[in-house]
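Here's the structure, in structure tokens; my notes come after.
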Amino acid sequence: MAEEHRLQEPRLCANNCGFFGSTATQNLCSKCFRDLQHQEQNSSTAKHALTQSLAAVGAAASSSVSPPPPPPADSKEIVEAKSEKRAAAEPEEADGPPQDPKRCLTCRRRVGITGFRCRCGFVFCGTHRYAEQHECSFDFKRMGKDKIAKANPIVKADKLEKI
């Protein structure tokens with residue numbers, strides 16, 4: 001019974017950090033064990049990257065005329081998405097002259113913090129805050145249709161079971 005008690009008594013961390021370790025974590029405390037795993041993971045990824053770069057250099061040396069490999073499909077999609085966002089943002093920036101956000105766009109009255117920001121992106125006073133008053137270019141009908149379409153997806157007949 002004394003031997004069983006000795007097996008279960010806590011052991012100090014193998015790194016002598018002052019905390020207790022367990023046999024499941026190689027006699028390390030949880031923090032030291034986590035650090036050890038992190039170091040092993042970093043070294044394995046570094047070795048993997050090194051072998052890939054050496055293989056790429058060897059392949060490039062053997063065929064100096066070969067074209068560069070195409071980028072992965074995911075990066076193409078990301079580049080296309082970024083270019084679409086930039087294209088969509090450019091016309092908005094080019095539409096109006098640089099404006100002072102503290103003045104109404106229509107009457108140029110100072111509004112300060114009491115100004116109303118419209119969905120078209122401009123600031124208006126209390127008189128011109130409504131879309132009809134400042135000839136808003138924002139398409140509220142399209143926004144409403146998009147919200148309804150998003151909230152109520154189309155139910156396809158082939159997914160429903162017939163009674």
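Keep in mind that glycine also has a Cβ here, set from the backbone N, Cα and C atoms.
Sequence annotations record features per position, and here Swiss-Prot assigns Zn(2+) 1 binding site to CYS13, CYS17, CYS29, CYS32 based on sequence analysis. For CYS104, CYS107, CYS125, HIS128, the entry in Swiss-Prot reads Zn(2+) 2 binding site. According to Swiss-Prot, the Zn(2+) 3 binding site annotation covers CYS118, CYS120, HIS134, CYS136, on the basis of sequence analysis. The compositional bias 'Basic and acidic residues' annotation in Swiss-Prot covers 74-89. According to Swiss-Prot, the feature region 'Disordered' maps to 57-101. The zinc finger annotation in Swiss-Prot covers 7-41, 98-144, and the record cites sequence analysis as its basis.
A map of Swiss-Prot features onto the structure.
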residue	record	CB count, 10 Å
CYS13	Zn(2+) 1 binding site	20
CYS17	Zn(2+) 1 binding site	13
CYS29	Zn(2+) 1 binding site	19
CYS104	Zn(2+) 2 binding site	22
CYS118	Zn(2+) 3 binding site	19
CYS120	Zn(2+) 3 binding site	17
CYS125	Zn(2+) 2 binding site	20
HIS128	Zn(2+) 2 binding site	23
HIS134	Zn(2+) 3 binding site	20
CYS136	Zn(2+) 3 binding site	16
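Remark: of the binding-site residues CYS32, CYS107, the most isolated position is CYS107 (fewest other Cβ atoms within 10 Å of its Cβ). Each of LEU12, ALA14, ASN15, ASN16, GLY18, PHE19, GLY21, LEU28, SER30, LYS31, PHE33 belongs to the same chain as CYS13, CYS17, CYS29, CYS32, is absent from that list, and has a C-beta within 8 angstroms of the C-beta centroid marking the Zn(2+) 1 site. Classification of HIS128 (Zn(2+) 2 binding site) by DSSP places it in coil, neither helical nor stranded. Using the Cβ center of CYS104, CYS107, CYS125, HIS128 for Zn(2+) 2, the list of other same-chain residues with Cβ within 8 Å runs, in sequence order, ARG103, LEU105, THR106, ARG108, ARG109, VAL111, PHE124, GLY126, THR127, ARG129, HIS134.
Proximity to HIS128 (Zn(2+) 2 binding site), defined by a C-alpha to C-alpha distance within 10 angstroms, is shown by none of the binding-site residues CYS17, CYS32, CYS120. Rounded to the nearest whole angstrom, the C-alpha distance between CYS118 (Zn(2+) 3 binding site) and CYS125 (Zn(2+) 2 binding site) is 10. For the zinc finger (98-144), the model's pLDDT averages out at 85. In this structure the C-alpha atoms belonging to CYS104 (Zn(2+) 2 binding site) and CYS32 (Zn(2+) 1 binding site) are separated by 61 Å.
Secondary structure from DSSP puts CYS120 (Zn(2+) 3 binding site) in coil. Taking only the Cα positions, the spacing between HIS134 (Zn(2+) 3 binding site) and CYS107 (Zn(2+) 2 binding site) is 10 angstrom. Here CYS17 (Zn(2+) 1 binding site) is compared against the binding-site residues CYS120, CYS125, CYS136, and the shortest C-alpha distance is to CYS120. Considering only the binding-site residues CYS107, CYS120, CYS125, the residue whose Cα is spatially closest to the Cα of CYS32 (Zn(2+) 1 binding site) is CYS120. Here the CA atom of CYS136 (Zn(2+) 3 binding site) lies 14 Å from the CA atom of CYS125 (Zn(2+) 2 binding site). Note: the Zn(2+) 3 site is recorded as CYS118, CYS120, HIS134, CYS136; in the same chain, LEU105, ARG119, PHE122, PHE124, ALA131, GLU135, SER137, PHE138 also have Cβ atoms within 8 Å of that site's Cβ centroid.
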